[in-house]
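Taken verbatim from TrEMBL:
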- 1-315: domain 'Major facilitator superfamily (MFS) profile' (DOMAIN)
- 12-32: transmembrane segment (TRANSMEM)
- 44-64: transmembrane segment (TRANSMEM)
- 99-120: transmembrane segment (TRANSMEM)
- 149-170: transmembrane segment (TRANSMEM)
- 182-201: transmembrane segment (TRANSMEM)
- 207-237: transmembrane segment (TRANSMEM)
- 249-268: transmembrane segment (TRANSMEM)
- 288-311: transmembrane segment (TRANSMEM)
Amino acid sequence: MEPGFQPDQRSRMLSIFYFAIPVGSGLGYIAGSKVKDLAGDWHWALRVTPGLGVLAVLLLFLVVQEPPRGAVERHSGSPPLSPTSWWADLKALARNPSFVLSSLGFTAVAFVTGSLALWAPAFLLRSRVVLGETPPCLPGDSCSSSDSLIFGLITCLTGVLGVGLGVEISRRLRRFNPRADPLVCAAGLLGSSPFLFLSLACARGSIVATYIFIFIGETLLSMNWAIVADILLYVVIPTRRSTAEAFQIVLSHLLGDAGSPYLIGLISDRLRRSWPPSFLSEFRALQFSLMLCAFVGALGGAAFLGTAMFIENDRRRAQLHVQGLLHETEPSDDQIVVPQRGRSTRVPVSSVLI
């Protein structure tokens with residue numbers, strides 16, 4: 001998507017693109033629960049996915065055409081960007097604090113969403129059991145799928161609302177504050193943490209309050225998706241964006257949603273062993289373990305606040321590099337760089353100071 005739109009149009013296009021993540025996740029909960037009910041076996045809920053994946057790959061192969069990277073950002077007189085080695089790209093990305101910190105913040109988002117994706121429906125069911133609203137789900141029984149349906153609907157709605165809200169707020173604030181993007185991401189994560197904590201704390205008293213707080217928390221959490229992608233696109237030069245995106249995806253999955261469900265389950269099992277066996281113990285163990293998500297979200301918000309400290313300088317350096325006015329091998333503080341049509345591409349500061 002990056003080469004096809006001007007930077008001012010890109011944010012809205014990314015928001016439309018990133019609607020697919022929460023909406024697809026929510027529809028997955030809904031479709032999976034219905035397929036499981038119809039087939040009488042939860043394995044069939046997983047057998048729907050491969051067919052959809054094959055269809056998506058065919059559409060990408062047959063329909064999507066890839067334009068030149070960075071074409072809309074370069075001026076007509078700017079020199080073409082030369083690709084560098086993969087190792088050089090990694091070293092340059094490691095020296096880009098905005099990219100590193102925003103990737104860590106996005107990893108926190110993935111950690112929280114991955115934990116909720118696996119454990120939220122089970123937690124809501126255990127909450128209903130403790131409240132006496134539904135019978136326990138014993139091995140061999142056909143368990144209720146109403147919580148998966150409701151959580152799926154909440155995920156769809158909050159995803160659309162949060163992604164759109166985050167992009168629009170950020171777009172409006174950019175007119176007054178060039179650091180608006182990371183600040184909106186930080187506000188989303190720091191704001192979602194207390195609501196997720198309240199949703200867990202209120203689960204033993206009111207399931208309705210739990211759903212309300214989950215709705216607010218997931219809405220604030222979803223504000224980050226498109227903005228993080230936009231940050232990457234303007235702090236990383238076009239020839240490195242594929243590497244940067246790949247690194248960010250691997251990092252967010254490896255330290256985020258790939259391991260967070262296991263970690264939450266491990267903590268829950270350890271807590272449950274120290275209490276007498278009961279449905280209340282199972283509920284409390286999962287409740288306390290999920291509270292880790294609120295603290296991880298706060299850490300992610302701190303990472304985005306750190307991003308705000310460096311974002312202006314990193315964006316300026318990327319713009320100068322794209323325009324051919326800055327070379328990475330040379331420090332930008334002690335030299336003045338002029339366009340190549342001038343007599344010299346590098347003029348020492350000492351030669352022009354009076």
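Just so you know, the numbers here start at 1 and follow the chain as drawn.
Yeah, the Cβs are placed from backbone N, Cα and C, and that goes for glycine too.
Caution: TrEMBL annotation is automatic and unverified by curators.
Simply put, out of 182-201, 207-237, 249-268, 288-311, 207-237 has the most Cβ pairs sitting under 8 Å from the transmembrane segment (149-170).
If you look at the transmembrane segment (207-237), the same-chain residues 6 or more away from its ends with a CB under 8 A from one of its CBs are 2, 7, 10-11, 14-15, 17-18, 21-22, 70, 81, 93, 96, 98-99, 102, 105-106, 109, 112-113, 116, 120, 124, 127-128, 131, 133, 150-151, 154-155, 157-159, 161-163, 165-167, 169-170, 181-182, 184-185, 187-189, 191-193, 195-196, 198-200, 244-245, 248, 297, 304, 307, 311, 314-315, 318-319, 321-322. A contact between the transmembrane segment (99-120) and the transmembrane segment (44-64) is absent, since fewer than 3 of their C-beta pairs, 6 or more residues apart, lie under 8 Å.
If you look at the transmembrane segment (288-311), the same-chain residues 6 or more away from its ends with a CB under 8 A from one of its CBs are 97-98, 101-102, 104-109, 111-112, 115-116, 119, 123, 178-179, 181-183, 185-190, 192-194, 196-197, 200, 221, 224, 231, 235, 260, 263-265, 267-268, 271. Long-range contacts of the transmembrane segment (182-201) within its own chain (CB-CB distance under 8 A, at least 6 residues past either end) are made by residues 98, 102, 105, 108-109, 112, 123, 162, 166, 169-170, 173, 209-214, 216-224, 227-228, 231, 287, 290-291, 293-295, 297-298, 300-302, 304-305, 307-308, 311.
Using a Cβ-Cβ cut-off under 8 Å and counting only residues 6 or more beyond its ends in the same chain, the transmembrane segment (249-268) has close neighbours at 103-104, 106-115, 117-119, 285-286, 288-290, 292-293, 296.
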